[in-house]
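Here is the structure we will look at.
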Amino acid sequence: MKPDPSLLEQLDRTWRDPPGLWGFLTTVDHKRIAARYIVTALLLMFLAGMLALDMRWQLSVPENTRMTPQLFNESFSLHGSTMLFLVSVPLMEAMAFWLVPLMLGARNMAFPRLGAFSFWLYFGGVLTLWVAHAIDITPDLGWFEYPPLSGPAYSPGHRADIWAQMITFTEVAALAASVNVAATILKMRPPGMTLARMPVFLWAMLIASIMTMFSMPAVMLVTSMLIADRLVSTQFFSVAAGGDAVLFQHLFWFFGHPEVYIIFVPATGFVSSIVETFSRRVLYGHSVLVLAILSIGALAFGLWVHHMFAVGLPRLGNDFYTAASMAIAVPAGLQIFCWLATIGTGRTWFPTPMLWILGFVATFVIGGLSGVMTASAALDLQLTDTYFIVAHLHYVLIGGAIFPLFGAFCYWYPKATGRLMSERWGKVAFVLIVGGFNLGFFPMHLLGLEGMPRRVYTYPAHMGWDMLNQIATAGSAIAVTGGLVFAANALCSYWRGKPSGADPWGGSTLEWATASPPPAYNIPFTPRVDSLTPMWNGGAPLPALDGIAIDTREVLVSSVTDAQPLYRQKSAGPSIWPLVAALAVSAMFIASIFTPWAIPIGALPIGAALTGWFWPNRPRAKIGALEAAP
Amino acid sequence: MRTAIVFLAVATLAGCAGIQSPLSPAGDQAAALHSLFTLMMIVCGAVYLIVLLGIVWSVLRSGTQRRFDSASGGERRLDRGLYVAASAIVIGLTVLIVGSFIADRALVAAREDDAVIVRITGHQWWWRIEYRDPASGRWIETANELHLPLARTTRVQLASADVIHSFWVPNVAGKIDMIPGRRNVVHLTPRRLGWFRGQCTEFCGAQHAHMAFDVKVDGQAAFDSWLARQGSARAPRRQSGRGASVFVQVCGSCHRVRGTEARGRAGPDLTHFASRRSIAAGTLPMSRGGIQGWLAQPQALKPGTSMPTVPLEPADADAVATYLETLR
C-alpha cells in the first residue's frame, strides 16, 4: 500500500525528536539509542583490541621487560572486562534494540524510556572503568576476580571495587534491556505473527533476554558480596572467619557460563536471518533451530562447574557436568546442519554478509570442538588455565559471535544508513580478519599443549614458546589491520556508498518493508503477517491494518501466543528523566565504592528521579477497534 | 647483568622443550590423559572434516539450484540427513563421555598403601614443600623443587597460605587448585627419569608468571639418599664465617637454615638451598651469578616479590653468596 504524504507528515511530527542537544538527551527512539550503544561498544572494542596487541607485542619475545607485570596484569584485566561486559553483551542488546521493533513492524520498544535508561547506565559503567583507568585505578586481577586475591587482604586500594561496581552498572543496564526486549517480542508482535511464525532472530533475542534475567542476578549478588567484604568487612569469602572462597566461583560461573550463550544465541539469530535472505528460500528446519536455541538456553544453566574442574570438587559430580557440557554439541551441531542445508538447497549468492557466515562456521566449529575437549573433567585438568583455553574462548567468542556480528553489520548497514558498504573492501576486511584471526589464535592451542599458562606477563627463553608466540602476534596484527579496513569501509560508505533503497538484498522479514534509513515512526502502517517470510509473498503488497493513532504516540499490543491485537497503548515520548535517573544511580554506585553511607543517602536522589519519571501525567490508553486499511 | 643471567639460563637449560607439556607424558596420570586427548583429536578431527565438507557441499550445490520447490522430495532428504547428523553427534559424544569417565577414574586408581606423602603449600610466589619421613614421621621441609621416586605413587596434599594457586606438572599429571581452607590431593606416578617443570596456573597476583618449580624423577635409591640429605641439619660448627653471621642477622628473620640461628618461616627454607636447580621459584638458574643477582636486585628480577632489596656492603653480599653456595 502507498500511504498518502499527509499521513507520513503527521506521523513524522508525532514521532520525531526535539531538535538539538535537548533532543539528543531526551530521545527514546530505539534506533538512536541502539546506535549509541553500537558506536560506544565498537570504540571500546577498538581500545580493548589495542590492549591485546600491546600484550601480544610483550609476549612475542621471552623475558621481555617492555611491560611491567603490573601493566600487563592491568592490560589483560581491562581487555577481558571490557570485551565481555562492555562490548559483547551490550552489542547483542543493541542489535536487539535496533532490530526487534523494525522486525515486528512496531513503532518503538515496549518501554521506550527504560531503553534510554539502559543506555545511560551502561555508559556510566563504561566511564567507571575507563575513567578509572585514566587515573590509574585500573582493575588488575582479570575479568573474573577470585577472592581471596580480590579480597581486602590481598588487594588494598580500589582497583577491585572499580571492577565489581562496573559489573553492577552493566548488569542493571542489561537486566533493564532484556526485560524491554522480552516484553516487546512477547506483546508487540503484529497481527498474524504467532509464536510459530516468529523468525528465528526474534526467538534468539527472546531466549537470550530470558537467560539474561535468570543469570545476571547471580553475578550482581556475588560482586555485591565482594564489595561488602571489602567495604564493611563482611566475611563471605574469608576462610579464617568461616567464609568460603569457592562460593564466589560457583556464583560467578552460574552467571559466567550462561553469559557465553547470551552472546552466542543472538549471533545464531543473525546467522539465521542472513542465511535465509541470501539462500532465497525459507530457512530449513525452523522448528529445529528454535528448539536448538531453547535447549541451549536450558542447558546453559546446568554446566557452570566445567569452569571449576580443577577446584577439586567431587569427581562423580564433575562427570555430570562433563555430560551436560558436551550435550550442547547436539543443538549446536543441528543448527549448523540446518544452515548448511539451507545454503545448499537454496539459490544462494555470496556477498560479504554471507562470507562472514561461512567464516563463522569454519572458525566457530573449531572453538566448539576444543570446547568438547575442555568439557571432559579429566582432560580439562591439562587444558584449563593454559593458552589452550585462551585459544578456545577466542574461537568461540570471536568466531562464534563477532564474525556473525560483522556479517550482521554488513547485512543491516544499508537498512540503517540507506547506503551499501563497498563489497570489494568488505572482502579485503573479511580475508584479513578471518585469516589473521586463525593465524593468531590457532597457535595458542599448541602453546597451551606445550605448557604455557594463561595470564603470564613473560616466560623463560628455554621453554620453546617463542616461535608460536611470534606467529600469534603477527596474526593478531593482521586481524587488527583488517578491523581498521572494516571500520574505514563503514565510515566511507556512510557518505559515499551507493544508495541502497529499502530492500537491497530481497530480505524475508519485516524490517525490509520500510524505508532505509527507517523514519522516526519506523513504518507507516501496521503490517499483517501470514507466514514466516512476510516479505516473500510473490510481489503482492504487504497486508496492513490501520487504526493506530497518528497524532499521538501509540503502539499496538497483542496476545502472547497468537498475536491477536488486544489494545492500543500509549507509547512514552521524549523525556529527560531516564538520564536524570541514570545519573542518580551512577552517583550512588560510584560513591558506594568509598562509603556504605552512599547507599541510604544516594537512594534519595534516585527516589526523586523515579518520582519525576513516573509522575502520572498521561491519560489512560483508549480501547479502540482496529480497522482494515483502505 | 640481566642479559648475562638470561644468557646463562639459555646456556644451561637449552634443549629442555617438552619438560612442561601434556603431550610428552612421563607418568601414569598424564598417560591416561594423553590417551584421552588422542581419542578426542580423532573424533573431533573427523567431525571438523565433515563440517568442512558440508561447507564445500553447500556452496557448490547452491550454484546448481534453479529454483527452490518445497513440495519436492528435497525437504524429506534433508530431514533424513538431520536424523543421521543428530545420531552421529550423540554417538560421538557418548564415546567421548565414556572415554572421559574412564580416564578420570585412572587418575585416582593408583595404589596408595606405599605412597610417598608430600605436603605442598602455595605462597605468593613460591612453593613450600614438605616430605613425611617414613621412618620418623616428621616433616622434612624444602622449597621450589620436587623430587619423586620412579614408578611409585606420590600422594601430594595441596594447600595455600594466601590466595588460590594451582599445582601443575603436566608431564606427570593434570592440575589441581590450591585453595585456602581446602585440602586437595593429587597423585603422581612418574614413569620416566629426568627433569621436568611445574608452574602455577591460577592467576595469583603480580608474579604469577614467576611461580614455577623443578621436578626431578629419581630411582628409588637416589631418591632415598636425596631425602635423607634434605632431612639433615647443618653442622653448627661450620656455620661461623662472615657470610653465615650476616645471613643470620639479615636473612634469618624470614629464612630458615636448620642447625643455625636463622629460623624465619616467612620465606623458603634454605637449609639445602644450593642443592636446588633454580632460584626464586624458577626465576633464575642456580649459579653464583644468579645468587648474587638475586641478592642485589630481587625487585628488578621479580617485581613485587616479598624478598626485599637488602642494602648490603659489597663484601657482605659476596660473603653471603659464598655462604649460600655451601648450603648443598
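Glycine is no exception: its Cβ is also placed from the backbone N, Cα and C atoms.
According to DSSP, the domain 'Cytochrome oxidase subunit II copper A binding' (B:113-229) comprises 13 helix, 57 strand, 47 coil. Among the features that TrEMBL reports, domain 'Cytochrome oxidase subunit II copper A binding' is placed at B:113-229.
Residues or ranges marked as domain 'Cytochrome c' by TrEMBL: B:238-328. Within the domain 'Cytochrome c' (B:238-328), the DSSP-based counts of helix, strand and coil residues read 40 helix, 7 strand, 44 coil.
TrEMBL lists B:36-60 (among others) with the feature transmembrane segment.
Residues or ranges marked as transmembrane segment in TrEMBL: B:81-103 (among others).
Within the chain, the transmembrane segment (B:36-60) has long-range Cβ neighbours (under 8 A, six or more residues past its boundaries) at 22-23, 92, 95-96, 99-100, 103. Taking the domain 'Cytochrome oxidase subunit II copper A binding' (B:113-229) as a whole, pLDDT averages 96 in the prediction.
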